[in-house]
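Chemist: This structure is in structure tokens; I'll ask about it shortly.
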């Protein structure tokens with residue numbers, strides 16, 4: 001039996017400042033067209049009938065979010081984010097109530113397609129651990145010498161994947177793994193890494209490589225181009 005709609009909530013950690021973008025405002029509030037990156041990122045989540053609520057974790061010093069139309073959306077809930085991504089995600093999970101599944105999406109990843117989201121959500125019917133959207137590595141990968149920009153060796157890319165978001169896990173499992181990983185001083189670069197630290201092996205769901213995260217100034221134009229290439233069916 002498929003899970004009920006209320007079983008899935010989304011958490012969007014949006015408390016970061018995005019220093020690599022070299023802009024005065026946090027990158028999630030930069031605009032593409034007539035919407036912020038955050039609004040583009042959240043739109044597919046709000047439009048999907050399986051997701052009952054989107055919880056956005058923002059910085060206590062954030063003054064921009066309240067001015068967005070998104071702030072008045074009935075399915076949006078705002079919580080206070082933390083110093084690290086994991087802290088913000090945990091704050092969102094604490095506000096999630098009795099939802100069974102938690103889907104975590106980057107605030108600066110505006111090009112999520114509806115098809116990728118659908119494939120990821122299908123894990124709720126087949127997986128006990130959950131998984132992530134990911135794209136197989138296509139480029140030749142080089143490992144650098146420690147502390148200097150020189151090639152140490154070429155890395156076999158056969159089993160390498162680029163981790164993307166959203167990432168989807170049973171809510172209690174994700175909360176427990178994040179809590180334990182933080183307590184044990186583990187490096188948590190995404191939600192899956194917390195599960196890995198605790199001995200779990202999340203599934204890889206092949207996703208589109210154009211589901212990019214806006215991290216550097218040149219990414220903004222690329223994301224704008226990708227958004228124009230998504231059809232209404234792919235974004236709705």
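Cβ from N, Cα, C; glycine included.
Feature table excerpt (Swiss-Prot):
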- 20: site 'Transition state stabilizer' (SITE)
- 27: site 'Transition state stabilizer' (SITE)
- 157: site 'Positions MEP for the nucleophilic attack' (SITE)
- 213: site 'Positions MEP for the nucleophilic attack' (SITE)
Chemist: Find, among the recorded sites listed as 27, 157, 213, the one whose Cβ has the highest number of other Cβ atoms within 10 Å in the structure shown.
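Modeler: The most densely surrounded of these recorded sites is 27.
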Chemist: In whole Å, note down how far the CA of residue 213 (site 'Positions MEP for the nucleophilic attack') lies from the CA of residue 27 (site 'Transition state stabilizer').
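Modeler: Distance (Cα to Cα, whole Å): 10 Å.
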Chemist: How many whole Å apart are the CA atoms of residue 157 (site 'Positions MEP for the nucleophilic attack') and residue 213 (site 'Positions MEP for the nucleophilic attack')?
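Modeler: So the Cα of residue 213 (site 'Positions MEP for the nucleophilic attack') lies 21 Å away from that of residue 157 (site 'Positions MEP for the nucleophilic attack').
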